[in-house]
Amino acid sequence: MINFPQHPRQTLELAGFLPEASGRAVEWLISDSQVPYSEAVAAMDSRAAAIAAGDANELVWLLEHPPLYTSGTSGQAADLLDPRFPLHATGRGGQLTYHGPGQRVAYVMLDLKRRRPDVRAYVAALEQWIIATLEAFNVRGERREDRVGVWVARPDKGVGHEDKIAAIGVRLKRWVSLHGIAINVEPDLGHFAAIVPCGISDPRYGVTSLVDLGLPVTMTDVDLALRASFTTIFGATVNASGSEPAAGSVNSSSV
């Protein structure tokens, strides 16, 4: 069992996630077409095992899924209000969420043994990565102690209203991270209405996207910002070969 330090994520020192001096750059891969969820998880698990064994480089894999819902280890069946899309049980932390076109999913496979074996600080580092990415578009993303993910204030909706713009869910195997983050660029936000997102039913807390906030942002814009902000927290990246990680079955590119 992993023991979590009992201190706020805002106060965690995020230094220490850069790799060892002798470490290789993180491979960076972008899939051009939608990737079925089961295929992505199988490829991610395989790559993580290879990283743990020292047989593969760390990897960040950016992709989009076809419409689906995933349930984390704390997911509740009652939170699926309308099963309009397939539901996948997954080993990541958290509850129910939606994935689909227009949402940038980043699966992050890092060896925390050679960085910093601290799960809570790693989640905070992922949040900071998202916050720094949003800053490139003049969007103020914020973390909340009682709600993992990144939020934006919505005073236009009323006092105390906030919308979630990015979700985080992680799992570790032999201190190699799996799963990662999902940023809403231009998904169909109506699909979130079929679930209680992340188990949060308070009507003050909704879901938004960059386009919903009025920004003419493309997926390529977000990918470039993600890569630039990633290097400041986790270190250098290098373009991955097009055949990884899904055994040649996924069309891919690097930017």
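Sequential numbering from 1, following the chain as shown.
The backbone N, Cα and C atoms fix where each Cβ goes, glycine too.
Swiss-Prot annotations:
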ACT_SITE  Cys198  active site, acyl-thioester intermediate
BINDING   Arg92, Gly93, Gly94, Gln95, Leu96, Thr97, Tyr98, His99, Ala167, Ile168, Gly169, Gly180, Ile181, Ala182  substrate binding site
DOMAIN    54-238  domain 'BPL/LPL catalytic'
SITE      Lys164  site 'Lowers pKa of active site Cys'
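Feature map: annotations from Swiss-Prot on the structure.
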{"residue": "Arg92", "record": "substrate binding site", "DSSP (3 states)": "coil"}
{"residue": "Tyr98", "record": "substrate binding site", "DSSP (3 states)": "strand"}
{"residue": "Lys164", "record": "site 'Lowers pKa of active site Cys'", "DSSP (3 states)": "strand"}
{"residue": "Gly169", "record": "substrate binding site", "DSSP (3 states)": "strand"}
{"residue": "Ile181", "record": "substrate binding site", "DSSP (3 states)": "strand"}
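Note: the CA-CA distance between Arg92 (substrate binding site) and Lys164 (site 'Lowers pKa of active site Cys') rounds to 19 Å.
For the pair Lys164 (site 'Lowers pKa of active site Cys') and Tyr98 (substrate binding site), the C-alpha distance works out to 12 angstrom. Model confidence over the domain 'BPL/LPL catalytic' (54-238) stands at 91, taken as the mean pLDDT rounded to a whole number.
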